[in-house]
Amino acid sequence: MVVAYRIDQQRLWDSLMKLAEIGSSSPIDQEGITRLSLTKSDLQARGALVDLMEEVGLDVRIDTVGNIIGRWEGTDSTAPAVLTGSHIDTVQQGGIFDGALGVLGAIEAIRTLMEAGVQLKHSIEVVSFLDEEGTRFGTGYIGSKAMAGELKENVFDLIDDDGITYREAFLQANLDPALYKDATRNKGEIKAYIEMHIEQGKVLEEQGLSVGIVTDIQGPLWLDITITGSADHAGATPMNMRKDASLTMAEIILNIETIAKKYDGVGTVGKMTIEPGGVNIIPGKASFSVDLRHVDKVKRAEMVDAVYESVERACQKRNAQYLIDIKKDVDPTSCSEEIIQVLEGACQDLTIPTMKLQCGAGHDSLIMSKMTKMGMIFIRSKDGISHNPKEWSSKEDCATGTQVLLNTLVQLASK
Ligand SMILES: [Zn+2]
């Protein structure tokens, strides 16, 4: 079935650029956009989003954790709703498209359908989830976790760089942290969740495609590893008598590369510190982070085991001790096969060439997959850059993805 409702490319682009003005300092491609959750700029953007949803004619409500939800009522108001959206908070000096495209694209798609006088059986809800990025308080997916019943109360004790607790930030934004559980939805109320997002990688660009269909989302597992050796004199201690924490760490880091390649996953050490940090002192302590990802939960567990073994081996060899702390553990997940098929059908109907690909970054969709069928549309990112002022997706690609989203929503909400 070919759906003939065409989204307005320029109107979508204008709405993206207008939202980008909030929290940005010029030039935007150098300074970027900073809208950390519930800060002044985020609150301003949230207000603008509510205004836009109301202007379009959506029924807007804000749930108890601050998720902004714009509902377009279907002909059967008791039928479960199709949810679509993303987030409008950003990282420090982030870009125009991460999150915002998913929210504004969903609004454009529904607006187009409303203007054409279309009526669908299922209601569609555009959701802008609170604090996806987690930059301000160190942990993200707050809105989607609350909706899926996964949020823990201790999140409100977290403190930002200015000493403000999440509880205080909630109260300042007229949200009552005590009511967070009321944001949890019944599984029966939701038919599916579909999110359009920039790819944040280079796969689509390399393949020359505007749009991709996500099959799996990698789950991140973060470790903090501390190696303790002995901080002795660099001149007076022979090589065979050392307990060098830095060399032990180096050996483990190279092993992590080998392990990631062996299991076809990814492994990254992005942070490290060496103590005491003197030119003529053997490093007595080395601490580093490890980020391990795989789309297969079992394979990721095997990668983790291999890292533990490698730490054990390196420490034994160099007479060092270690401590491993698990900082984050999110299960990888697969997108719904049914939604993947609907997305493929939409691309076919629109004669838009596409491909299936995996997703390396975390998204609200990862959390929403715990409660409903989930699908994701990826849009080409220029040079794979994101979380950066230079993040860019073209006007045409944003429109193409939004058109695929529209057709997909029509399919999902029709029957
Ligand atoms: Zn995002």
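In case you wondered, yes, glycine gets a Cβ from its N, Cα and C as well.
Here is what TrEMBL records for this protein:
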| type | residues | note |
| --- | --- | --- |
| BINDING | His87, Asp98, His197 | Zn(2+) 1 binding site |
| BINDING | Asp98, Glu133, His387 | Zn(2+) 2 binding site |
| DOMAIN | 219-315 | domain 'Peptidase M20 dimerisation' |
Cβ-based neighbourhood (8 Å from the centroid) of the Zn(2+) 1 site, residues His87, Asp98, His197 excluded: Ser86, Phe97, Gly99, Ala100, Leu101, Gly102, Glu132, Glu195, Ile198, His363
Integer Å distance between the CA atoms belonging to His197 (Zn(2+) 1 binding site) and His387 (Zn(2+) 2 binding site): 13
Whole-number Å value for how far His197 (Zn(2+) 1 binding site) lies from Glu133 (Zn(2+) 2 binding site) (Cα to Cα): 13
Shell list (Zn(2+) 2; ref centroid = CB of Asp98, Glu133, His387; cutoff 8 A): Thr90, Val91, Gly94, Gly95, Gly99, Glu132, Thr135, Ser386
Number of other Cβ atoms within 10 Å of the Cβ of His87 (Zn(2+) 1 binding site) across all protein chains: 30
Per-residue Cβ crowding (10 Å cut-off), top of binding-site residues His197, His387: His197
His87 (Zn(2+) 1 binding site) - helix vs strand vs coil (DSSP): strand
Greatest C-beta neighbour count within 10 angstroms, which of the binding-site residues Asp98, Glu133: Asp98
Number of helical, extended and coil residues in the domain 'Peptidase M20 dimerisation' (219-315), per DSSP: 41 helix, 29 strand, 27 coil
